[in-house]
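According to TrEMBL, the protein has these features:
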DOMAIN    6-471  domain 'Major facilitator superfamily (MFS) profile'
REGION    204-223  region 'Disordered'
TRANSMEM  45-68  transmembrane segment
TRANSMEM  75-94  transmembrane segment
TRANSMEM  100-128  transmembrane segment
TRANSMEM  135-158  transmembrane segment
TRANSMEM  164-184  transmembrane segment
TRANSMEM  267-288  transmembrane segment
TRANSMEM  308-331  transmembrane segment
TRANSMEM  338-357  transmembrane segment
TRANSMEM  377-403  transmembrane segment
TRANSMEM  415-437  transmembrane segment
TRANSMEM  449-470  transmembrane segment
Amino acid sequence: MEPRICWFVAAAVAVLHTLQTCYYQMTPTVLMPSILKDFGASVVSGSAMVAVSRLAYVLALPGGGWLVDRWGPQRCILAAVSALGASALLFALMRSMAQFAILQAVNAVAMAFAGVPVYSVFLCHFFFEHLGTALGMVLSGFSLAGALSALVLGAIASHASWRVSAFAVAGALIVAAIPLAVWIQRVRPPGELLSGRETVNPISSAPSSRMDAVKSPASRGEEAKEPLYFAHHERRKDAEFSELDAEVAAGAAEPAEHAHDKNLTSFSWASLPFLLLASSYFLLQYSYGSYNEHFLIYMTMDEQANLHFATTILAVLYFSTFSAKIVGGYVGDRWGRFLTMVVAAIASVLGAVLMTIFTLRDTPPDAVPQSTFHGPGLLMCLLGFAVLFGAGYGAMFNANYALVPRIVSISRLGFVQSILFAIGLCGNGAGALITGYMRTWTRHYMKPFLLTFAAVILNAACVFALARYLRKSSLRETRHSNNAG
């Protein structure tokens with residue numbers, strides 16, 4: 001069981017991720033209908049804004065990863081959060097879509113220094129036994145931000161204006177996020193805390209402690225206030241690499257399916273597990289980018305629903321995703337990530353089926369429907385979509401990130417996580433952009449949402465294939481070990 005300081009770190013990072021996501025991704029999504037109306041812009045321009053943001057994020061990730069390796073994550077997190085706070089103030093004052101695009105590009109660059117890849121690698125040095133649960137806490141910040149943004153910002157925008165909502169987000173970043181980033185600047189893993197106090201035996205001699213491989217700044221003759229440089233920055237013996245990889249990837253309490261971790265760490269870009277995982281990242285984010293970025297526009301413009309009702313349904317989706325990321329992390333730690341991925345894939349398919357049924361009902365083939373929806377059955381379709389797709393997306397998102405350390409050694413974990421995250425961002429931007437263009441072309445969301453449904457099906461197929469491959473690999477490795485014994 002990890003020390004209490006590790007869970008404080010996870011909670012602080014989760015709050016930071018929540019506030020960052022609330023501004024960078026959720027605020028534009030929730031306020032987009034009001035912004036488009038205020039600026040007199042088209043739906044496709046809103047989709048292009050999302051695509052520009054994701055493209056800037058993808059382009060900034062390699063440079064961000066290099067600077068994080070060079071300067072340490074704490075300094076980068078503090079700089080990024082400060083930049084986001086200043087940008088949020090300017091967001092509330094912007095006067096055109098061009099200014100909107102510039103701010104989103106700046107935000108994307110900032111997020112490359114304090115996004116999910118940075119946090120996931122950071123937590124690998126505080127957690128090993130409960131890494132999935134810790135990642136679930138942090139990743140759930142995205143969904144918690146969505147739920148809070150949809151409810152709070154949507155209500156403020158309906159009763160006041162979208163600019164008041166934007167000022168509220170800026171205030172939260174400045175008052176809460178920046179102080180947390182300053183605290184993270186000073187935090188150290190438990191082993192470093194003990195060595196900084198110059199105790200006789202600062203690090204436990206238990207072989208299961210992954211802190212045995214972490215060198216403190218004090219032990220290198222540096223000042224304790226210097227930022228943390230992680231274990232994979234140090235030159236270590238091959239035996240230390242092997243021990244750390246096995247502990248971070250699986251942990252002593254992982255199920256039997258994780259027994260072949262040392263075989264999986266022989267990583268290749270062309271390996272079937274990586275290709276399937278990368279495909280899942282892209283397709284999962286494509287479907288989420290399509291549904292998430294266009295749900296409010298679809299409901300308010302095509303279905304003539306009021307913004308408050310639409311944001312309530314979106315909040316249900318975000319809350320379902322939030323819950324699934326935490327529960328999915330715990331289930332993955334206790335019973336295995338393969339089961340979590342398969343169940344999550346099935347749930348996402350069922351949710352997409354309900355959304356497809358809702359979209360296809362009595363839709364004129366050549367015009368946007370002018371009447372609002374009605375009936376408890378249609379409402380249940382919307383709620384079912386929000387609950388099932390949100391839960392499936394959240395649990396699968398968590399499982400994908402927690403599975404990467406089982407395929408890649410920790411010495412390459414940060415780079416590979418950044419590449420996979422970039423692939424997911426490309427999928428998210430593609431989903432938002434293609435859906436927007438198809439809606440403009442067909443004048444309705446029926447065909448673009450059908451394409452999104454196909455992406456959900458393909459993602460489930462990739463997940464099933466990945467789970468099957470890794471299970472077979474696990475059985476082969478177990479047989480080989482038994483025969484050798």
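Think of each number as a place in line: the chain as shown, counted from 1.
Any Cβ shown, glycine's included, is placed from N, Cα and C.
Among residues of the same chain six or more beyond the transmembrane segment (415-437), those with a C-beta under 8 A of the stretch's C-beta atoms are 43-44, 46-48, 50-51, 53-55, 57-58, 61-62, 64-65, 115-117, 120-121, 267, 277-278, 281-291, 293-294, 400-401, 404, 408, 445, 448-449, 451-452, 455.
Same-chain residues lying 6+ beyond the ends of the transmembrane segment (338-357) with a Cβ under 8 Å from its Cβ atoms: 257, 284, 287, 291, 324, 328, 331-332, 381-382, 384-396, 398-400, 403, 449-450, 452-453, 456-457, 459-460, 463-464, 466-467, 470-471. Counting Cβ pairs closer than 8 Å and at least 6 residues apart in sequence, the transmembrane segment (308-331) and the transmembrane segment (267-288) reach fewer than three and form no contact. Same-chain residues lying 6+ beyond the ends of the transmembrane segment (377-403) with a Cβ under 8 Å from its Cβ atoms: 116, 120, 131-132, 135-136, 139-140, 143, 277, 280-281, 284, 287-288, 291, 313-314, 316-325, 327-329, 331-332, 337, 340-341, 343-352, 354-355, 357-358, 361, 417, 420, 456, 459, 463. Ranked by Cβ pairs under 8 Å to the transmembrane segment (267-288), the stretches 75-94, 100-128, 135-158, 449-470 are led by 449-470.
The stretch with the most CB contacts under 8 Å to the transmembrane segment (75-94), chosen from 100-128, 135-158, 164-184, 449-470, is 164-184. Cβ atoms under 8 Å from those of the transmembrane segment (135-158) belong to residues 10-11, 13-19, 21-22, 25-27, 29-31, 34, 116, 119-120, 123, 164-165, 168-169, 292, 306-308, 310-312, 314-315, 317-330, 390, 394, 397-398, 401-402 of the same chain, restricted to positions at least 6 beyond its ends.
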